[in-house]
Every structure is written in structure tokens, then in C-alpha cells.
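One structure is given below, encoded as C-alpha cells.
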Amino acid sequence: MTVGTLVASVLPATVFEDLAYAELYSDPPGLTPLPEEAPLIARSVAKRRNEFITVRHCARIALDQLGVPPAPILKGDKGEPCWPDGMVGSLTHCAGYRGAVVGRRDAVRSVGIDAEPHDVLPNGVLDAISLPAERADMPRTMPAALHWDRILFCAKEATYKAWFPLTKRWLGFEDAHITFETDSTGWTGRFVSRILIDGSTLSGPPLTTLRGRWSVERGLVLTAIVL
């Protein structure tokens, strides 16, 4: 079992003492869900069960780093993960990757992470998930070797995951305009999600601009927003 560090490249160093992460690149044999979690996957196919179990295993590894004992990670009304008291976090999984980032609520408002295969989006998906301005800008700001459409999709997903716990409201793909910067390596960078709808939150300041990082490595795109 290999616990990797890919997601560390997209996390801010300034709050690392209040953040923890864990990631795996395969599903270790023998893992089982906690009893409270088992009903959530009772009718799931094997692939879905493995994703569910492994990503929650990652979450418990990360929580343990912050001194939180093992706890079930259930789902809210919209499918969002429900974290132990005093904690926030985000889960993601795709082919060849499962990852979790957690943080202490008194230091971190919200976390959104996403992982995707670094490959072109299926036909028709780009128009559905992007704004015309994004489709015009990204080819000019990304190196030709990068699948910028997938990076954009990954950033949109991270934006939603950071948004929803604070608002409990839907955020459509068209409701955030994302711009990107590329670092000197060409394989990492930053992005800014400008929210185009009412950003009022359940408590605290509204969400108007969310800032994150992206990285392409080992055939994967990773994005993260930490608020």
C-alpha cells in the first residue's frame, strides 16, 4: 500500500498544521466500511464499493493525523460527506486515485479537492461545463501539451465542493468563471473562481472569489481550494 503525496502540491503551505491529507493509487485488499457506512453501498457494484471504502479509509488516515479517532463518514442530503464535529474536508476518486483532505474548522472554512484523468473530455462535455470566455481564454494560457478542458472541469468540481458546505446551495458550471495561471514548469499553477451568483453563506462572509491550485502529474489532474 502506497500513501502518496500528489495532493500536497496543490495545498497551501500556510495552513498545513491545520490540514492533513492521504491518498492511494489503488484499492488495498481487505478494507471494509464501518458498520454505519455499509448501508450506503449495500446495492453498489464492486467498483463503486471499492471507491467508497478506499476514499473513506484515506479520510480516516488524514483525520488520525489531526488526532481525530476513526468515525463513519456518511452522506448529507445532496451526497456530500459529513465530517466529525469540528472538522471540514473533501473527498475525490477517479481511475488510479483516491484522496482526502481534512482540516480543523476553527482554522479552515472549507476544502474542495478533485482528481481527474489527464485526458480530453468526452465529446460535448466541454460546452456543457464551460463559459464562452473560458473556452476562449484557456487555449492561450495553457501549454499545448495539457488537456486544458479537463483541468477546467477539475477546477469547477473543486469549486463546487468548497462552495456547497458553506451555502447548502447548488452552483452550476455556468455560475463560476474560472481563470488560470501557469507556473514556470508548465505543469502546475493557480486558478481563480469568480462566483457569478449570490455568494451568501450560512455564516461568515459571502463567497465571491475562490482561489486554488492545479497540478498535472502521473497522468492525473489535481485541483484544490482551501478557504
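Yeah, the Cβs are placed from backbone N, Cα and C, and that goes for glycine too.
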- Query: Out of R48, R105, which does Swiss-Prot tie to the same CoA site as R56, K75, G76, D77, K78, T92, H93, D114, E157, K161, L171?
  - Reply: R48
- Message: Just checking a number: largest C-alpha distance across R48, R56, K75, G76, D77, K78, T92, H93, D114, E157, K161, L171 for the CoA site, rounded to a whole Å.
- Response: 25
- Note on the structure: Here the 10 Å Cβ neighbour count for K161 (CoA binding site) comes out at 24
- How far is it from E116 (Mg(2+) binding site) to R48 (CoA binding site), counting Cα to Cα, in Å? 16
- Task: Count the other Cβ atoms sitting within 10 Å of the Cβ of A115 (Mg(2+) binding site), across every protein chain shown.
- Result: 26
